[in-house]
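Structure record follows, encoded as structure tokens.
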């Protein structure tokens with residue numbers, strides 16, 4: 001068994017803890033249960049200590065981390081439930097199914113709590129375009145995301161996509177789901193009392209995905225292709241049925257507790273429901289609907305077959321359940337009962353195949369204070385080391401590079417309008433996706449952000465920046481930023497340098513969350529993202545939600561009119577380290593990333609939100625990748641209007657144009673209100689300068705002059721050409 | 001007089017609520033949701049809507065199973081009596097599979113799902129679905145599907161064109177549809193199928209309100225009848 005424990009991913013000392021606790025050797029099924037519950041994926045054993053640094057409460061937080069998803073108050077008795085989760089390893093092995101089931105899994109986390117999913121987002125990181133696997137991975141992941149979300153009928157409204165050699169052997173697929181519920185009808189997983197029926201419903205259990213959670217917790221190597229059988233297969237139609245049946249079952253009043261079968265399937269759902277309730281649970285595995293014959297108890301408990309739920313019903317409500325499951329054509333069975341034993345007992349073919357005390361599964365769960373060293377931080381780069389290049393060529397290069405080029409080829413494969421409440425999406429020229437809260441004047445704004453090259457160059461500042469940019473994107477559409485979910489993607493925590501990245505990125509994120517009143521309400525940690533010993537760039541993705549009380553007050557950068565004046569909000573000192581200009585135009589990947597001054601961030605953003613609310617700001621765009629000119633191009637292309645910009649500072653023209661200083665926005669205002677805005681900004685201690693005007697059909701700046709057509713061509717051509725094999 | 005519509009609900013329909021909202025918003029209509037296993041429709045209807053989505057998963061040909069569902073037999077009977085039937089997206093596919101409209105919808109020519117706002121030329125403004133479009137030459141609606149590529153054999157296509165059955169044509173063909181056909185009506189003029197979504201284009205906040213006149217046309221047609 002000790003050898004088997006190693007094969008199942010348990011360390012020798014972890015196995016010893018189990019032996020000491022049980023006073024005997026666990027059998028195969030029991031070992032399987034322990035190994036998945038104690039996998040990194042389920043136990044957060046390397047990160048838990050540091051996750052405690054996040055602020056998790058706030059006036060709008062209804063439920064923070066620890067449940068299936070986070071819950072926030074969005075007024076009028078309504079709640080928003082959301083979470084982001086990774087499906088990195090499966091997507092690398094089998095991109096279509098890996099990505100599809102990633103979307104399915106995150107939706108289940110949200111509707112399990114009683115919310116109808118109303119928006120999807122995704123954050124994708126692929127290897128360098130020239131890598132032989134990249135094109136096929138992009139193709140598969142994108143069609144998997146679309147194939148699943150489109151069929152279920154939830155709009156995919158926002159996302160981000162990067163390409164970097166650091167992801168060649170380990171892509172990242174992070175999916176986020178946002179749902180809507182009544183604040184007094186949130187469902188939790190803790191079993192409330194003994195003697196209640198445990199009902200399984202949804203798809204049948206097969207042999208797919210066995211030990212998926214364990215796979216997600218180890219490094220990749222050359223033979224990872226052999227792990228293809230551990231990738232689950234998704235059925236979006238079954239998910240659609242599951243959503244409707246689950247919400248109907250909840251509305252019927254029959255549900256006492258509920259949990260989806262996600263990672264570690266039946267094991268994790270039953271252990272969590274009984275464990276959190278301080279009860280015991282007995283399951284008869286003969287009753288589990290099975291897709292294949294002769295399945296062993298071990299296989300059933302470890303299967304990660306998709307689209308399955310476990311519910312504990314209130315006494316005598318089984319018939320309500322069966323009526324609803326029959327209506328939606330779902331398999332269902334009472335497979336067990338809660339009790340006071342404090343143990344999980346599994347029966348199979350008349351034998352007890354598992355009898356484990358539940359408390360130790362969580363109480364004894366390993367918690368590591370992994371050794372870490374201060375991670376490498378890039379030194380600041382001097383302006384003298386950032387050469388000037390022809391501005392026309394430089395801008396075209398920046399807006400057509402893989403990270404910055406239009407991702408139209410991707411998002412045109414996602415249904416962005418189903419549910420008929422989409423106000424903005426990837427195509428519309430807004431910094432965040434927005435969906436209406438159906439039947440109200442409210443809207444939710446959603447965004448996903450991380451700049452991995454900043455985190456790589458300085459995990460602490462990069463962590464801060466990921467949170468700040470999400471906050472800024474919500475601000476830029478006029479929303480009140482409320483809370484975030486985080487998806488922490490890193491390499492092996494057993495390497496002190498990587499662990500240092502984890503620790504310092506979390507420190508930075510936590511500080512930004514505190515300063516911006518932007519608590520973390522849910523999250524996911526994905527470690528061991530490395531192949532053959534090479535770690536991915538640290539990528540702590542932030543998914544964020546904000547609220548607009550009146551969506552008529554929303555703003556984008558798609559309606560800037562000729563004659564409007566362009567004002568730059570925020571200070572520009574010329575942060576050139578780790579910028580796109582430096583990497584794409586100068587070929588240098590170095591330099592300290594832009595500093596994030598959280599007080600400025602808050603102050604500037606507050607002013608921008610006020611200008612939006614009062615109707616003064618007619619167009620708003622935050623400045624991020626590629627700096628001022630890159631943002632200007634977005635405005636030009638979305639609004640179909642030229643911009644004439646100037647450099648009012650002493651900085652060299654290329655520095656002002658491409659610096660990626662934080663806490664900045666471009667805003668467009670009517671000419672008559674421009675001086676007022678500048679005065680208002682001065683009063684609020686916010687740097688603001690008129691830098692140009694909207695006019696004509698060209699973007700002009702310090703000798704640069706490019707037409708809308710030239711800009712569109714440069715921005716749009718890269719990805720479709722690449723996917724067609726031409727780039 | 002309240003405009004009364006029924007929206008069919010298949011287990012995989014996902015635009016059923018959108019269609020309901022669109023009818024309620026544009027013509028203040030009353031909408032009944034009708035389950036796919038039902039065999040009868042409510043009485044006194046002015047319109048039956050077959051919504052978008054993936055009726056039974058559509059792992060087989062899109063709409064093929066739905067065309068054989070119990071409720072579709074009732075819809076066919078009502079259509080023969082002259083009831084207005086509007087099939088959007090998957091609804092269009094179902095109408096073709098049910099033989100209520102000619103032709104078929106194949107996989108998009110690029111073999112991908114395509115979601116984008118689409119400009120449509122109004123080809124026939126004399127139908128009961130389009131009379132309220134006035135002089136508008138073109139309208140915008142969003143579209144999202146993997147199988148929207150309209151196909152018919154040569155004789156059928158000629159027949160469709162000869163009878164002015166094409167109601168909407170793509171200004172820029174997104175999917176390989178023959179003759180740029182985006183929506184067409186049966187010969188009798190009471191059954192319209194279209195790939196673009198009027199049910200996602202009924203308010204300016206959604207990017208377009210150009211679907212509104214389609215529903216208002218039906219009310220107008222009733223009043224003048």
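Cβ coordinates come from backbone N, Cα and C, glycine included.
TrEMBL labels come from automatic prediction, so no person has curated them.
With A:86, A:87, A:88, A:89, A:232, A:304, A:305, A:306, A:526 listed by TrEMBL as binding substrate, the candidate from A:108, A:317, A:323, A:514 annotated for that site turns out to be A:108. With A:83, A:486, A:523 listed by TrEMBL as binding ATP, the candidate from A:44, A:454, A:551 annotated for that site turns out to be A:44. DSSP places the residues of the domain 'PurM-like N-terminal' (A:66-180) in helix, strand and coil in these numbers: 45 helix, 42 strand, 28 coil.
In the three-state DSSP classification, residue A:41 (active site) falls within a helix. Each of A:66-180, A:193-346, A:429-547, A:561-697 was scored by its Cβ pairs under 8 Å to the domain 'Phosphoribosylformylglycinamidine synthase linker' (A:2-45), and the highest score goes to A:193-346. Among the recorded positions A:41, A:85, A:88, A:108, A:260, A:524, the ones whose Cα is located within 10 Å of the Cα of residue A:486 (ATP binding site) are A:85, A:524. Counting residues per DSSP class in helix, strand and coil order gives 44 helix, 41 strand, 34 coil for the domain 'PurM-like N-terminal' (A:429-547). Confidence for the domain 'PurM-like C-terminal' (A:561-697), expressed as mean pLDDT, is 98. For the domain 'PurM-like N-terminal' (A:66-180), the partner stretch with the highest count of Cβ pairs under 8 angstroms, out of A:193-346, A:429-547, A:561-697, is A:429-547.
Here the binding-site residues are A:109, A:304, A:486; the one with the fewest Cβ atoms within 10 Å of its Cβ is A:109.
The DSSP breakdown of the domain 'PurM-like C-terminal' (A:561-697) into helical (H, G, I), extended (E, B) and coil residues amounts to 54 helix, 24 strand, 59 coil. Within 10 Å of the C-beta of residue A:523 (ATP binding site) there are 27 other C-beta atoms, taking all protein chains into account. Under DSSP, residue A:304 (substrate binding site) is assigned to coil, being neither helix nor strand in the three-state scheme.
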